[in-house]
């Protein structure tokens, strides 16, 4: 209350007090009490109450079905400036291709139907009934899956009205789950461009236009932490779309998300490298250690298959090849190759030439020769055609075929060992060459980049 108004109220109280006996008791007493109370209360509280009362009188003839510039003769649209304040990112999912975000959405426009005189200045309102009576832009999110207003402990919104101009600021807190069409060619070394599209559902650009408030209309909370991703950049631009029903105003905010590689390095890449190294242990085992080599080869192959299946569970069934698919497939080939190498060495070490039968009539005696092996001693028994039997059981005799077979066995085992020796070099060298090609390809040459549209800010 201004000093002049305060003096006028005090003068009125004095006059009424002096004239009280001449006036009816009840009305004068009540009026004096009211005026005295008016001077006793906080003057700012009186002004605020007066401001809201005046706003209520303005709202009596207010029609929230009409946008603010509906009655203007020049047909100018209503301009709405928007801005975002990012509070948190969470649940960025490649399997469902969406993300959850918590934001403050601020919209500003001018509605001259709310102009009135108010000494207080701006009015701050957090009343849902008044909000429902007010015209608001019919903004919706085109890529929304689900969302809700925050209402703990009170509905999280406010209206700020400037009575002199009719300018309105409408701020609300929203939790949104938005779809994001992710490209996973370089997964898990990928960069994703996830957008937030805001559009008018009813009004075309002839009645309503959206615009970003400033060049940096997207603001971030300090120390924003995101699981598995880093927010590299943000930009915004106008995405007004021309549909068959008209041209509708649209705004788009884009978030550049770079996936953190540390988690996948520990959970996927290092374990598979160790499994590949373990499969190579078979090359250093003896050729005749068949149970050990079989167990090692089958175990590493099954473990590799299990790890590859676990990676596929967390990803959508896309038809193209991802970076993790190339890695897992190559590691599986190396493990399976080690198992095949054991099969080859085992075959070479046990290879036998075809047996040749001994013809009757050996040495012109019409005799048959029979050999019996017993503790490395060969007993040669010759049975002649007349039934005479001759045996030299005490002499360790090795036939020519046995000597040849022994030489062949040693020769084949030597070939198997040579194969093992070569694989000790070929497999690690091949895996090293694969890594030289794989990592630069996805980290340098095939890295996904993003290009801002010319109108982006």
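Using N, Cα and C of the backbone, Cβ positions are placed for all residues, glycine too.
All annotation found in TrEMBL is predicted automatically rather than curated by experts.
Record features, source TrEMBL:
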type	residues	note
DOMAIN	55-259	domain 'Neurotransmitter-gated ion-channel ligand-binding'
DOMAIN	269-356	domain 'Neurotransmitter-gated ion-channel transmembrane'
SIGNAL	1-25	signal peptide
TRANSMEM	268-287	transmembrane segment
TRANSMEM	294-315	transmembrane segment
TRANSMEM	327-349	transmembrane segment
TRANSMEM	425-447	transmembrane segment
Cβ-Cβ under 8 Å with the transmembrane segment (268-287): same-chain residues at least 6 beyond its ends: 188, 293, 296-297, 300-301, 303-304, 307, 311, 324, 327-328, 331, 334-335, 338-339, 341-342, 345-346, 349, 413, 416-417, 420-421, 423-424, 427-428, 431
Residues of the parent chain within Cβ reach of the transmembrane segment (294-315), under 8 Å, 6 or more residues beyond its termini: 94-95, 184, 187, 268, 271-272, 275-276, 278-279, 281-282, 285, 322, 324, 328-329, 331-332, 335-336, 338-339, 342
Composition by DSSP (helix, strand, coil) of residues within the domain 'Neurotransmitter-gated ion-channel transmembrane' (269-356): 67 helix, 0 strand, 21 coil
Intrachain neighbours beyond the transmembrane segment (425-447), with Cβ under 8 angstroms and 6 or more residues off its ends: 185-186, 189, 191, 276, 280, 283, 323, 326-327, 330, 334, 337-338
Model confidence over the domain 'Neurotransmitter-gated ion-channel ligand-binding' (55-259), averaged pLDDT: 92
